[in-house]
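Engineer: Before anything else, here's the structure in question.
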Amino acid sequence: DPSQLLRPNAPILPKPPALVCTMMLPDILICFLLNPVGSPSVLAELLFMFHIVSVSGWLILCLCVLSWRGAMIEAEQGTEPHPSAHRKETARPAELQGPAPLQPVAFKRVERVEAVREAFRHAWKGYRTFAWGHDELKPVSKTYGEWFGLGLTLIDALDTMWILDLKEEFEEAKRWVETELSFSKNVDVNLFESTIRILGGLLSTYHLTGDTLFLDKAKDIGSRLMPAFNTPSKIPFSDVNIGKGTAHPPRWTADSTVAEVTSIQLEFRELSRLTQDPQYQKAVDEVTRRVHRLDGKHDGLVPMFININSGKFTHRGVFTLGARADSYYEYLLKQWLQGGKKEAALLEDYLQAVEGVKRNLLGQTSPSKLIFVGELSHGRLNPKMDHLVCFLPGTLALGAHNGLPADHMELAVQLMETCHQMYAQMETGLSPEIVLFNLKDPAGRDIDVKPADRHNLLRPETVESLFYMYRFTQDHKYQDWGWEIMQSFNKYTRVPSGGYTSIGNVRDPVNPGPKDKMESFFLGETLKYLFLLFSDDPELVSLDKFVFNTEAHPLPIWPSTS
């Protein structure tokens, strides 16, 4: 039974009190050496207590430290069972109740950062062993899957390894890029996916490392993607053959999705800036200008499809911030930031869209009054929300941080709570791909999930927004929510031989149903954002110096030319 592969040896386990004490003993000894209490018996008593420590002994130690130093040191808290375990915590004795503890923050930070590094190494072990040089790892069957045949997972993970300071793994991956990566292949690639993952990943890695190898590779793939823009409307084709230099729409339609054609701008604009070749920025800026002028928007909201021949929106009845439209809104704000807040049309479109969301897409659940972003379908609100929409709290917070209206941040806080509940209310502690919200029954659950939507693909959007929310508020609850997600990934998706797998049913903790696929964005985005969330270092990829593309690859905010 493949599902049994996911259960043994979960790595994030509650530490026994004795182990916690062992890890903290040097700090305690230093504290006493620097601040002698005048009696050798105090230290002897502390050491004696350390050797006999148990759960009750740990509480006694806390009381002693409290009485001797006036500040209580508590056991690390991030390893409590996930709330989905439905265990009630025994209340602490009244004498231990009090202000939030002072010690655990730094201690938890180190543990959590190292847990993400360990998770990356475990995932990388699976990829290196079973899928090296291929697009995706299939961890349960210990093999690989191909999409473009270009080493997507490896390229997507390059800047993550650099940020996590995994230099040995990075150097090995760099050697593969230098000696094995070739774009001279007769293969069709998706313009959007290859731009955000490959072009974005190479540009980001160049900026972080300064190694021109990655810029040269970025130029190569960027130039090979340009035939996509050879359409009557200048709205690009969805697919490009990077070996033949030809492009075409998908087989099932003559349309491109709005998100795909409007979420390649950060990367191509940056490529023009670095190469001093204007063709890349000219092509994507023309797309932006045409979409800006198009009829068919609804209070700043855009339909999901656009025709490559006419250049007009199609399927105008549905407006969503989910699949096929999501990153259009994200890139309006981020292009404005990338260009130094000078392009007024981008800001205008973004602000109109946020107002459109507030007027048309917001709903509230009946049981707990959760605020959510639904879909407008032919004039009616559908209480359906993709996990993809959980990018929005972080984007709203980023805008508010850069001087946009304060009520954007208020909405971000509300939506962040909703995205958290999409995890917390599931039996595995992991969010499904799509949820439905309860608008009518106050005695029911806030969130329901159709059987076909119960899968989890290791997506990053919620932890991405948690990262932004923590950076801008310093509220540690956002780190704690991210830690719960990290623990659930380890418990239900980790494969012992290496890697993590998507699962089919987040409502079934006994048999979550491994789907045998580790998407490249788990290494490129999810673990990167978790690491940054836990790092507590605002200068580690500073949000005042970098803007993340929609695949979590940081690109620099352009220096002022004034």
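Along the chain as shown, the residues are counted starting at 1.
Keep in mind that glycine also has a Cβ here, set from the backbone N, Cα and C atoms.
Here the structure is a predicted model, which means the values were calculated and not measured.
Per TrEMBL, the feature transmembrane segment maps to 16-34, 46-68. Annotation source TrEMBL lists active site, proton donor at Glu193, Glu433. Annotation source TrEMBL lists active site at Asp326, Glu461. If you look up TrEMBL, you'll see Cys390-Cys419 marked as disulfide bond. The feature Ca(2+) binding site is assigned by TrEMBL to Thr550.
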Engineer: Using Cα coordinates, what distance in whole Å links Glu193 (active site, proton donor) and Thr550 (Ca(2+) binding site)?
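Structural biologist: Counting only the Cα atoms, the answer is 10 Å.
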Engineer: Report the nearest neighbour of Glu461 (active site) in space among the recorded positions Asp326, Cys390, Glu433, Thr550, comparing Cα positions.
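Structural biologist: For Glu461 (active site), the spatially nearest of the recorded positions is Cys390.
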Engineer: Output, ordered by sequence, the same-chain residues six or more apart from Cys419 (disulfide bond) with a CB under 8 Å from its CB, or 'none'.
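Structural biologist: Non-local contacts for Cys419 (disulfide bond): His387, Cys390, Pro393, Ser431, Glu461, Thr462, Ser465.
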Engineer: Specify the secondary structure state of Glu461 (active site) as given by DSSP, simplified to three classes.
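Structural biologist: Going by the DSSP assignment, Glu461 (active site) falls within a helical segment, counted as helix.
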Engineer: Rounded to a whole number, how many Å is the Cα of Asp326 (active site) away from the Cα of Glu433 (active site, proton donor)?
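Structural biologist: Spelling it out, the Cα of Asp326 (active site) and the Cα of Glu433 (active site, proton donor) are 14 Å apart.
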Engineer: According to DSSP, folded down to helix, strand and coil, what is Thr550 (Ca(2+) binding site)?
Structural biologist: coil
Engineer: Across all protein chains in the structure, which of the active-site residues Glu433, Glu461 has the highest Cβ count within 10 Å?
Structural biologist: Glu461
Engineer: Could you state the CA-to-CA distance between Thr550 (Ca(2+) binding site) and Glu433 (active site, proton donor) to the nearest Å?
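Structural biologist: Per the Cα atoms, Thr550 (Ca(2+) binding site) and Glu433 (active site, proton donor) stand 18 Å apart.
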Engineer: Output the one of Glu193, Asp326 that, of all these active-site residues, has the highest number of other Cβ atoms within 10 Å of its Cβ.
Structural biologist: Asp326
Engineer: For Glu433 (active site, proton donor), name the DSSP secondary structure in the helix/strand/coil scheme.
Structural biologist: coil
